[in-house]
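What TrEMBL annotates here:
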type: DOMAIN; residues: B:40-244; note: domain 'ABC transmembrane type-1'
type: TRANSMEM; residues: B:44-63; note: transmembrane segment
type: TRANSMEM; residues: B:75-102; note: transmembrane segment
type: TRANSMEM; residues: B:114-136; note: transmembrane segment
type: TRANSMEM; residues: B:181-200; note: transmembrane segment
type: TRANSMEM; residues: B:220-244; note: transmembrane segment
Amino acid sequence: MFSWCTDPNAIDGLAWLSCYLTTGKHLSIYVSVGTVLLLLAITAPVALAFGFGGAMAARSHFPPLSWAGRAYIAIVRGVPDIAFFLFFVIALDQFFEWIRHEVKCPDWDQPIRQGNDFVVCAEAKLPLSTAAQWVHETYGFSLAVLTFSIVFGAFAANVLFGAMRAVPHAQLETAEAYGMTRRQTFWRILVPQMWVYALPGLSNLWMVLIKATPLLFLLGVEDIVYWARELGGSKTAKFTDYPHPDWRVWYFLALLVFYLAFTRVSEIVLDRIMKRLTHGQATMGGEAQRKAS
Amino acid sequence: MSCWETIADYGLRSIGIGERLLPRDNFTLCQQVTLIGSGMLWNIYFGIVALVTGFFLATALAVGKASKITPVRKLAEWVIFVFRGSPLFIQFFFAYFLFLSLKGVSSAFDPLTSAWLGAALVLFLNTAAYTGEIFYGALLSVPKGDVEAADAYGFSGWPRFKKIVWPTMLRLAWPAYTNEAIFLFHATTLVFFSGFPAWQQRGDALYYANYFADKTFNPFVPYPILAGYFILLTLCVVGLFGLINKRLNRHLPKERRQKMRMRPRLLMR
């Protein structure tokens, strides 16, 4: 990377470290930080949308829809999230392949599950075996995003469902008295007011989401945990110019610090947003702000 | 092979009693239920050890965080921040590799690299930090009148804390603590997916569920079995903590007793 790096044996101290930390492999770990941030950036809005849908379903006056919404919220609480991650990645993959199989190969006569194998015709494979490497990686990543969204959508649904119930009932009754339909009351009165009640739960959820990102490693995505294990393991002089013993403990220390810093910054930002949102609200927080100023 | 034989062979497989070889093909439903159930022993072990030991450190951390002595307060704040602010998954990895390096220094650290001690230690510190934060919040909300009344009766120092402040703190913290206990049991599934190896394939419930899902390519059997076990475990935890909650609030008249409301507040790692 740098001009002084041409002969690693001739340098030591900080210069050596600067060279070591900018090898091609190390650049991949920095890129994978980007992968984690990208996952967060996509998952957060999608999970919120799932959550909104789930909360709306749970509030529905049509019993089967309401049951489905409540079941979606309830089941995630009873079961470890990691089990969901492991389950959904295979299940979604097989589900997509099965649908494509039904569409593309209608005259296939063998069963899909043969003993311990899951067999679909070659055209239905996802991604196609001829596809480029990046397609495989993108597919794996999108499966991960979808899985995260489903699991965290359930948590978000839980938070939003609670928030919708926390909006003072008088507000809704007033809307009704003004002759608003149920739909109008929902969109114009309930939804704008629920956010301040939802924000503590949602910010908590954001923290949980940040702390769940290392699980990407289990889903086969080459994320920071993967690279930390890979780069930290002992290297002999035969394969690299930078031989070193087992340094994984240092790599994971770096990850630990990264996550601590990330959650700390999020905490500070979310605090600010909360202050902004409570301003002028008819809640205890808003009242305290009014008195203080 | 009948189901009873399978249970006899694999019921205690996760702690090394019974058949050594795991089934390799033609998995029956009975085998899956038995082995995943046998793995639950580990989850229960980790959960109970961490809960019981963590409880005491959590009380200490809560008192420390509320302390007026700056070094003590800072120390408690940092412990809570480090363990609550970073993913448990990374903590497991870091701890494992740390223990691995310590092993090179002295053989006294040998047992730490195996899951039964090393992972239990991490879980203990982790749950102590989460619970410490809950207890700290409860400690701050102990009614002023209770403390004043204790002062008036001549209580001070340790007796006041033990007889007045601590029981009230527990009462206030109990619903949130129940939640923490549930999520702690869920967190125990991470142990064998981080650095800690499952020695001789003696793993926890998720380890076996994952084993079956990998071998059969069919996630629709083992994971629902696992889910069923965990829902049962969650119900047991809720029931047990409900009983303790009842005992903690036994002095209150019946109608004023708070029903334990399971308001799911997320405390997941």
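Cβ coordinates come from backbone N, Cα and C, glycine included.
Where the annotation comes from TrEMBL, it is an automatic prediction and has not been curated.
Cβ atoms under 8 Å from those of the transmembrane segment (B:181-200) belong to residues 16, 20, 42-44, 46-47, 50-51, 88-89, 92-93, 95-97, 100, 113-115, 118-119, 123, 126-127, 130, 206-207, 230, 233-234, 237-238, 241, 267-269 of the same chain, restricted to positions at least 6 beyond its ends. Beyond the ends of the transmembrane segment (B:220-244), by six or more residues, the same chain brings 29, 32-33, 36-37, 40, 43-44, 174, 177-178, 181-182, 185-186, 205-206, 208-210, 212-213, 260, 262 to within a C-beta distance below 8 angstroms of the stretch.
Under 8 Å from some Cβ of the transmembrane segment (B:114-136) lie the Cβ atoms of residues 42, 45-46, 49-51, 53-55, 57-62, 65-66, 76, 79-80, 82-84, 88, 91-92, 95-96, 99, 169-170, 173, 176-177, 180, 184, 187-188, 191-192, 196-199, 267, 269, all in the same chain and six or more residues away from its ends.
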